[in-house]
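For reference, the structure discussed in these notes is given below.
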């Protein structure tokens, strides 16, 4: 008897050891994948400037991750549990690491980054061609030499980033469903929620680290170590600045590959914990039979795929909920993807500052909201109908808070000839042909080069030449231009490099915007779990696996992939001045019409999300006609539920993993 107890204790210790190591490994994988995804989103502006591509192409690169997910989601959902799950997870981590490395590779293939400028960074001679000189020919034109134009093909290197991001999507697909199903199958049932909660912590810590990395590397110049940064004439707030985006992807690649190593040493199966608590043979056989029935039911799902699909498509609540989710995610995905760009253009912040502010003000409220929401749902045993009303009310409240962003706006940067007249008067927006004025027509300036300077009159000019400056002193970012005829009639009017900063009133509005973001993020996270509860309860038990997978498929196909593309294309239409490549072709946008940008950035998500409340209202109406588990409390009902407990538990074991595998779909796009 004592030997048996010792044997059981030894087996139990081994089980705990293996399960704990697997849990720790899976948590690290969660952290690595969320770290990579959030870092990617934080570096979109840097990638846009590095390759000189429009925002619509950046949106396509973002959507390529969802494309990679779609390529394997069906295979993983229905056949992944038959294979060696830990090894598949390990391979997925390796693929993610290789994808991140591929995304960083263009930096080593393209050579040094050269931003458009007319200024010689080391010269302080007043005879430099970037100054106002009368009666000269324009020699500083975009290069039309065929050899130089061939070199510009390097801008197509963004395709490497596209393919790498697709690989990241492919590699991430098996981690969540197979990892959670492995825990659900071999961990003690009462410990599963704790283990899943630990995994969620990995998903929370990853984005925080990703945003901190993004904020740090956005401040580091892209060619750090290869150029003398003291000679640069741009700063991190300049729209031509490109941070060291590639270093972060190398970090992500290393982290993902390191996290893959433990998974190759785990067995295909572990002994079920319940069996070690009791060595009774009868119970062992009973559990084994139960497991066999679960496997048969799981295989039946694939055989009954078409009937289940037909049943789901004929389920009005399910289809309306999917429509609501698609509309909501269209708005959220677009807003979050281009939030750093909005903060840069609207409030004059650098990419580094914008990413840091997002991490500080958005993520902590989301984490707190998930914890409080989960506690309330469990503590008060909220029914599915009440959950639907709670989700609707909270979402509507968050929507009205979102609309308040229209009150927290700033004016365009004052740039002579683009947003104001040369006298500083706000005027209907100018075109490129209006950048010339009486004060600079004698200078023979280029009108398409973006090399902004800020005059001491508070007005910015597209270049020192267009400001009428005749002299310069200093080098690098400390260069000062003097005798600028467009700035003032006095001989000592001057200008410095860069756009003029926005006033303190704009900084105050940014603070209000961030405070509002705290409440908005918190309320949204409160609504996510009740909403997801509606999804799980509106379908039959045997349809939950396909139902959750199909719901995720709808979101990726109709929101995750197209939303960044069409949203980016609309943002491109608000550009006031495009950068210029060597062959004279347009590059990345240097300045936007912030008023039109704001209408697109805030108006389109407001319209899309506003329309989502219409199908949500129909869901509430339809739910009154149906009865869901927990809605009716009576002794007869409780007795009937007790008798059906064993039957329902079999279905639950089959469907439990798919319930959780897409738990993040409605929560956040971080």
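Yeah, the Cβs are placed from backbone N, Cα and C, and that goes for glycine too.
According to Swiss-Prot, the feature topological domain 'Cytoplasmic' maps to 1-20 (among others), an assignment based on sequence analysis.
Nonlocal intrachain contacts for the transmembrane segment (21-40), taken as residues 6+ away from its ends with a CB within less than 8 angstroms of a stretch CB, comprise 62, 65, 86, 89, 93, 96, 100, 103, 165, 168, 172, 175-176, 179, 182-183, 195, 198-199, 201-203, 205-207, 209-211, 213-214, 248-249, 252, 255-256, 259-260, 262-263, 266, 270, 670. According to Swiss-Prot, the feature transmembrane segment maps to 21-40 (among others).
Look at the topological domain 'Extracellular' (41-59): DSSP puts its residues at 15 helix, 0 strand, 4 coil. If you look up Swiss-Prot, you'll see 41-59 (among others) marked as topological domain 'Extracellular', on the strength of sequence analysis.
Taken from Swiss-Prot, the feature transmembrane segment applies to 60-80 (among others), supported by sequence analysis.
The transmembrane segment annotation in Swiss-Prot covers 87-111 (among others) and rests on sequence analysis.
Taken residue by residue with DSSP, residue 107 (site 'Essential for pH-sensitivity of estrone 3-sulfate transport') is part of a helix. Around the Cβ of residue 107 (site 'Essential for pH-sensitivity of estrone 3-sulfate transport'), the same chain contributes 222, 245, 246, each under 8 angstroms and 6 or more positions distant in sequence. Annotation comment: Swiss-Prot describes 107 as site 'Essential for pH-sensitivity of estrone 3-sulfate transport', evidence class similarity to another entry.
Look at Swiss-Prot and you will find 112-155 (among others) tagged as topological domain 'Extracellular'.
Per Swiss-Prot, N-linked glycosylation site is recorded for 124 (among others), and the stated evidence type is sequence analysis.
Annotation comment: Swiss-Prot describes 135 (among others) as N-linked glycosylation site, evidence class sequence analysis.
Marked as transmembrane segment by Swiss-Prot on the basis of sequence analysis: 156-184 (among others). Packing against the transmembrane segment (156-184) from elsewhere in the chain are residues 19, 22-23, 26, 29-30, 33, 36-37, 40, 47, 51, 53, 57, 60-62, 64-69, 71-73, 76-77, 80-81, 85-86, 88-89, 91-106, 109-110, 192, 195-196, 199, 249, 256, 653, 656-658, 660-662, 664: each is 6 or more residues past its ends and has a CB under 8 Å from a CB in it.
Averaged across the topological domain 'Cytoplasmic' (185-203), pLDDT for the predicted model comes to 71. As annotated by Swiss-Prot, topological domain 'Cytoplasmic' applies to 185-203 (among others).
Through the fold, the transmembrane segment (204-224) approaches residues 30-39, 42-43, 46, 50, 107, 112-113, 232, 236, 241-248, 251, 350-353, 355-356, 358-359, 363, 366-367, 670 of its own chain, all at least 6 residues removed from its boundaries and within a Cβ separation under 8 Å. Annotation comment: Swiss-Prot describes 204-224 (among others) as transmembrane segment.
Annotated topological domain 'Extracellular' per Swiss-Prot: 225-242 (among others), in sequence order, evidence recorded as sequence analysis. Cβ atoms under 8 Å from those of the topological domain 'Extracellular' (225-242) belong to residues 46, 49-50, 112-113, 115-117, 119, 121-122, 218-219, 344, 348-352, 450, 452, 475-477, 479, 497-499, 579, 588-591 of the same chain, restricted to positions at least 6 beyond its ends.
The transmembrane segment annotation in Swiss-Prot covers 243-267 (among others), and the record cites sequence analysis as its basis. Tertiary proximity for the transmembrane segment (243-267) is limited to same-chain residues at least six positions away from its ends with a CB under 8 Å from its CB atoms, namely 18, 21-22, 25, 28-29, 31-33, 35-36, 39, 43, 46-47, 50, 86-87, 89-94, 96-101, 103-104, 106-108, 164, 171, 213-214, 217-222, 224, 236, 351-352.
Residues or ranges marked as topological domain 'Cytoplasmic' in Swiss-Prot (evidence: sequence analysis): 268-311 (among others).
According to Swiss-Prot, the transmembrane segment annotation covers 312-333 (among others).
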>> If you count other C-beta atoms within 10 angstroms, which of the recorded positions 445, 483 is the most crowded?
In response: 445
> Relative to the transmembrane segment (382-405), which of 312-333, 514-536, 546-571, 606-623 accounts for the most Cβ pairs at distances under 8 Å?
Replying inline: 514-536
>> I need the CA-to-CA distance for residue 486 (disulfide bond) versus residue 469 (disulfide bond), whole Å please.
In response: 8
> Name the residues of the same chain, 6+ apart in sequence, whose Cβ is under 8 Å from the Cβ of residue 439 (disulfide bond)?
Replying inline: 422, 468, 485, 486
> Counting across all protein chains shown, how many other Cβ atoms sit within 10 Å of the Cβ of residue 465 (disulfide bond)?
Replying inline: 29
>> Give me the long-range Cβ neighbours of residue 469 (disulfide bond): same chain, 6+ apart, Cβ under 8 Å, in sequence order.
In response: 131, 132, 453, 481, 482, 483, 484, 485, 487, 494, 495
> Near residue 486 (disulfide bond), how many other Cβ atoms are within 10 Å of its Cβ?
Replying inline: 25
> What count of other C-beta atoms do you get within 10 angstroms of the C-beta of residue 454 (disulfide bond), across all chains shown?
Replying inline: 23
